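These features come from TrEMBL:
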type: BINDING; residues: Gly13, Ser14, Gly15, Lys16, Ser17, Glu18; note: ATP binding site
Amino acid sequence: MGMLRVGLTGGIGSGKSEVSGCLAAHGALVIDADQIAREVVEPGTPGLDEVVAEFGTDVLTPEGTLDRPKLGEIVFADRERLERLNGIVHPRVGERTEELMEQAPPDAVVVYDVPLLVENELQAMYDVVVVVDTPEDAQIQRVMTNRDMTEEQARARVRAQAPRERRRAAADIVIDNSGGLDDLSRQVADVWERLRKRA
Ligand SMILES: Nc1ncnc2c1ncn2[C@@H]1O[C@H](COP(=O)(O)OP(=O)(O)OP(=O)(O)O)[C@@H](O)[C@H]1O
């Protein structure tokens, strides 16, 4: 018994944030890698200074924040530069994550929200892998309404990710998010009980 590391994943618009929010309400420590990746390059951080040293002030907005679309244009056209960016951001995300974990109680259930867990084959990093499984049509509907994407854009994003079957095959626990939010929160309550017993 001790800290339990849970990897939470699911496709775009599958309901990961709903699930992680619900688990946090039950008492999980939720670590959102995307959020941390944004924090480590906020204005005034050494991370942002390093990004500017590498990519120049062109990647800053007039307000001095990171211009993500601009940076994206550069790194997604040039693999080497993407690797240099990752070399700046990834170690800082790792450090910040370790800091958060050190603050957690010894029997904490730590939930990592990792959108590309299956795509990057990170299963071995977690004690338990939880997959939010959602029918493609529901994913696309939710992405279209919440992200302001067209149906074509939403379908393209879904197709670029691992297929449902592959994600389900990697799961220790599958949460079926084909129903409503009430049904989802009932399932999460059950999952929480299972996780807590293992921590
Ligand atoms: N069962 C459900 N019924 C209705 N709406 C839902 C359901 N599950 C999630 N949603 C809504 O769909 C949207 C996408 O869900 P959420 O943000 O949790 O997904 P996500 O997997 O974190 O998405 P992303 O990968 O885009 O960050 C949200 O607005 C959420 O409230």
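Glycine too: its Cβ is placed from the backbone N, Cα and C atoms.
A sphere of 10 angstroms centred on the C-beta of Ser17 (ATP binding site) encloses 16 other C-beta atoms. Its Cβ taken as reference, Gly13 (ATP binding site) is surrounded by 25 other Cβ atoms within 10 Å in the chains shown. Within 10 Å of the C-beta of Glu18 (ATP binding site) there are 18 other C-beta atoms, taking all protein chains into account. A simple way to gauge crowding: the CB of Ser14 (ATP binding site) has 27 other CB atoms within 10 angstroms, across all the protein chains here. Summary of the ATP site environment: with the site residues Gly13, Ser14, Gly15, Lys16, Ser17, Glu18 set aside, the chain residues having Cβ atoms within 8 Å of the Cβ mean position are Gly10, Val19, Val132, Thr134, Arg142, Asn177.
Other C-beta atoms found within 10 angstroms of the C-beta of Gly15 (ATP binding site) number 23, with every protein chain shown included. When other Cβ atoms within 10 Å of the Cβ of Lys16 (ATP binding site) are tallied across all protein chains shown, the result is 24.
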